[in-house]
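The next block holds one structure in the form of structure tokens; read it before the comments.
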């Protein structure tokens, strides 16, 4: 039985343009005759039509992956943006072993706070995502975050780093919730799990690219010298790439299907018809209080929030300290830049495979638990193996990169299972605020006095993973029970299915 319940609230089945859309009268488009409209609906699930969305997917993937290159924190059109987003997150980790601590005089827990401070803007940006044109607001944030990355190169002290880091978080925090909304707007519910997994997997691509860039810059500086500190060059390279992708995102990605310049008039209608069965519309700028109340009363909201909080305590620590962790295995700083890259490939494969199998068999949560189990096994290797078995511990680190599978599965469930734009953005905001809080806590568990092995942090991470597994089991059980109740309701005499509804 599918572990994902149908939305309880059915929105109006009529497709209405977003307020930010150009004044296109749908009734004067290719749906003018009932025969044409019926033909569109008959083919609304065709893979050929889905392929026309590739420009959106590619850009999303690259941008999301670029997020790795920031201060080491932590898609087609979609795939392009994702890769850039994650690249911004890992830059701080690379910089931590390339001289940034010494150059700007980081002492005590200064570095931990640089890994946390950028996360405080998640809730306000979720509110703005509903009120502003979705794609344009996201694009402007990408452009500004790229500019902030470049400005990291002029930071001279901890105070300046905190200021730049906070502003980076303000602009970067719009990416994940914005992409989740774009996914729910452009793809059907059955397609969203895999699509979310694809663009999120470009975190791994960002880690591969970022590690190779950082290694190349570091090696070149050591061999030939450099007028600019290597860590500054890393920020500038990643920042300018992000800036360029933001400009491309602004001009290519439309706020909704009606504004897609690269689609014909017929295809715009077809793009909306494809997602009609989602019963979620293509965006509504009106804030509805009753949907906020529904979200706060839904037990799954808090189960999701708990998962995001607990799962991202390890993420916040690992993403900021993985380069230093690899050094603790017995590798040199330069080797850690290079040896960290294969972990990105593990993340890409795990997210795509789990996303595909979850959609294929209608069991996103169960397949995501497989990814989490692999990650837990990998971290046990890090903790349990003798310190001199550095290869085994490095392999364990690689396996931990499959841990994000459940986070992505739950994010896709928010976009596909929650009807009502206000309710969706409210749950997504709470989920991502919890993600931010976890990432704020995470770096604080890696205390300077515990270096280089950080044993207390490692035990904390294992405990968090165990709690995550229990929470996932509860979520799976709850959805299974809800689906059973709805199946029984549909089997009752007198039940009638509404046309064009799922």
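Glycine residues also receive a Cβ, built from the backbone N, Cα and C atoms like all the rest.
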From 97-116, 117-136, 137-156, the residue range that TrEMBL assigns the feature transmembrane segment: 137-156
Annotated stretch (transmembrane segment, per TrEMBL) among the listed ranges 196-217, 262-283: 196-217
Candidate ranges 69-89, 426-446 [criterion: TrEMBL lists as transmembrane segment]: 426-446
Where TrEMBL places transmembrane segment among the ranges 29-49, 365-385: 365-385
Paired segments the transmembrane segment (229-253) and the transmembrane segment (365-385) in contact, 3+ CB pairs under 8 A: no
Beyond the flanks of the transmembrane segment (458-479) by 6 or more, those residues with Cβ under 8 Å of it: 3-5, 299-300, 303-304, 306-307, 310-311, 313-314, 317-318, 365-366, 368-369, 372-373, 375-376, 379-380, 382-383, 403, 406, 410, 445
Of 137-156, 162-184, 304-331, 365-385, whichever stretch has the most CB pairs under 8 A to the transmembrane segment (426-446): 304-331
